Amino acid sequence: GQTVYSIAEETERGASVGNIAKDLGIDAATLSARKFRMITGSSKQYFNINASTGALSVNEPIDREQLCELKSVCLLNYELVLENPLELYRMEFKVLDINDNSPSFPLSEYHINMPEFLSPGARFTLPNAQDLDEGANGVQNYTLSPDEHFYLEMQLHGDGSKYPELVLKKALDREQQATHRLVLTAKDGGDPPKSGDVPVIVTVLDTNDNAPEFEHSLYRASILENSPSGTLVVQVHATDLDEGPNGEVRYSFSNTTSADLQRMFSIHPHTGEVTVNGVLAVQRPLLEMLIEARDNGAFGMSSTAKLLVEITDVNNHGPEITITSLSSPIPEDAAPGTVIALLSILDKDPGENGKVTCQISENLPFQLKPSLQNYYSLVTSELLDRELISEYNITITAMDLGSPPLTTQRTVWVQISDVNDNPPVFSVDAFDVFVEENNPLGAFLYQVSASDPDIGENGRVSYTLRNSTVAGSALTSFLSMNLANGSIYAKRAFDFEQLRNFHFQVEAKDNGSPALSAAIRVNVYISDQNDNAPAILYPTSQNGSVAVEVVPRLADEDYLVTKVVADDEDNAQNAWLSYHLAHASDSTLFQLSPHTGELRTTRSMRSTDFLKHKVVVVVRDHGEPPLSSTVTVGILLADTLPQALPDFDDSGEPPPLLNATNIYLIVSLACVSFIFAAFVFFLAIVRL
């Protein structure tokens, strides 16, 4: 079960509360053996149990107000735990209040302000006293010290609690008595009762019947335009004959003063000092403001004064350059005087500080011309050439006439657009092209190139062959050209023996409008190849017969038998001919000059020599590979020319069928025939 004990607060240590063993019916002798202990949620152990007798006593005095504060019932809960067997008992201690606290007020002194114009019956709430005790020991009533102007009445709150009110019994007169000192006393219902006092000071307030007055109705001041924030402009002063708040004056700008001026200036509410509050960004030299002085009365009264501030200009604004119109890029063929840009130049300073001069660099093909007020035109002063300078950074410098002058610069970027004013240009006066004859069809011959300093389509060059004829035929039947890159190709094989050189013109044209062009001469030189064998001009044979030369029988040594004459249509070393004796019926009788082709006797003729001789002469050029031709000469030893020439198929001696010379001739003829057949076959393939 639960046992309830009552104990007055502040009971001294050791005082008896009861006997727990007797009250709970427990044998006191078993408390120690059963390991009794008291458990509580309180931070302090306020009670103690005697283990021998079970007597319950105060371990520490209890302060009810500290423990339970303002609770109407103050309870302490304990639990008694016993073991063997385990048993749990609840104990409740009710702490009873005693009148150990006096009433007290939250403040040591209370002030009440009463205007002197109040009528009797006016009420003012007085403060409540606080008493930590409860019930009858709490605050029961209030009393007020005697005064002819005031009395005390008790009023009820909605919850039934009482509070004191101070009631005005007689009208106040500040001029007779400005302050009334009263004492409010609170009493409790304890025995004996306790009380607490607090002074109540009533201050009679003056009636606000005087407006502040300025010393001057008009104030004048002058400051520099660049005055820093905090600079003192002027100090105004007004007085009020009233006392207290009614005589305290506060300064401010009137509502009729523009918000911009109120941001630029500030006025101290108590001292009346007008100072600069920010940047003086105004264009007017004279500023007008109204200053208001108002007292702190309940119904504040006010008056105004005018403040005129003259702003002295300083040169603190540099010229401002604004590009209102810009034409970029401009064509390079723009005529002098063409307008490129329109500039607006403005200086916010007045007077000389706001006058501006403007210029650009002298080494530019541009100039500035004044236009309307504060406007300039940027125009070309001479012809432009994009190929020399394709863009300009024009720095415009504006300077005012202030002291010191302020300068502003602005850069305008002007691009020059291209016009087709440059024809294509070749790097040389003529091109020389060298090509070997018998070239393959479509062979690359040469690439002409021209440059055009213009850009885009104006600088894109195409190439064409100008109409002309070569050896009676159209040029286009010989050559073709790549229009884009100027490459020239052969459309047929050239033959040095038929055409050794020719020339033509190539035209280079840009893609501008109108298009510009240039032409150049191209000289083509065809170089020789060894493609022609020597031709025997003398001696000649007719119908396949052997040419016959008659030599006197008694011819001396070094007798000129004949001279072999040959020609080669090739050129240079391909046409250099040499003569060789390929076969002779008597090798000891004849000799052949390799350079002149002269066939002479090596000795005097003898009677024993055969009458008929046959000589084979080979004519060879110096080409690579060399080509050759042969001629057979029959030699008849006779003093007179016979009427009929003998047959030289048989030389009159039995020549060997296969000697070294015959083998050489056969091999040479076979090689030459093979080479010629291969060359003809190659030409046929190329033509097909």
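Yeah, the Cβs are placed from backbone N, Cα and C, and that goes for glycine too.
Here TrEMBL flags 6-105 (among others) as domain 'Cadherin'.
The domain 'Cadherin' annotation in TrEMBL covers 106-214 (among others).
As annotated by TrEMBL, domain 'Cadherin' applies to 215-321 (among others).
Across the range of the domain 'Cadherin' (322-426), the DSSP-based residue counts are 4 helix, 53 strand, 48 coil. Taken from TrEMBL, the feature domain 'Cadherin' applies to 322-426 (among others).
Taken from TrEMBL, the feature domain 'Cadherin' applies to 427-536 (among others).
Averaged over the domain 'Cadherin' (561-648), the predicted model reaches a pLDDT of 86. What TrEMBL records for 561-648 (among others) is domain 'Cadherin'.
For 663-686, the entry in TrEMBL reads transmembrane segment.
Proximity of distant same-chain residues to the transmembrane segment (663-686), defined by a Cβ-Cβ separation under 8 Å and at least 6 residues beyond the stretch ends, is recorded for 438, 440-441, 493, 531, 533, 582-583, 616, 618, 625, 627-628, 630. Using DSSP to sort the residues of the domain 'Cadherin' (215-321) gives these counts of helix, strand and coil: 10 helix, 48 strand, 49 coil. Taken through DSSP, the domain 'Cadherin' (561-648) splits into 4 helix, 41 strand, 43 coil.
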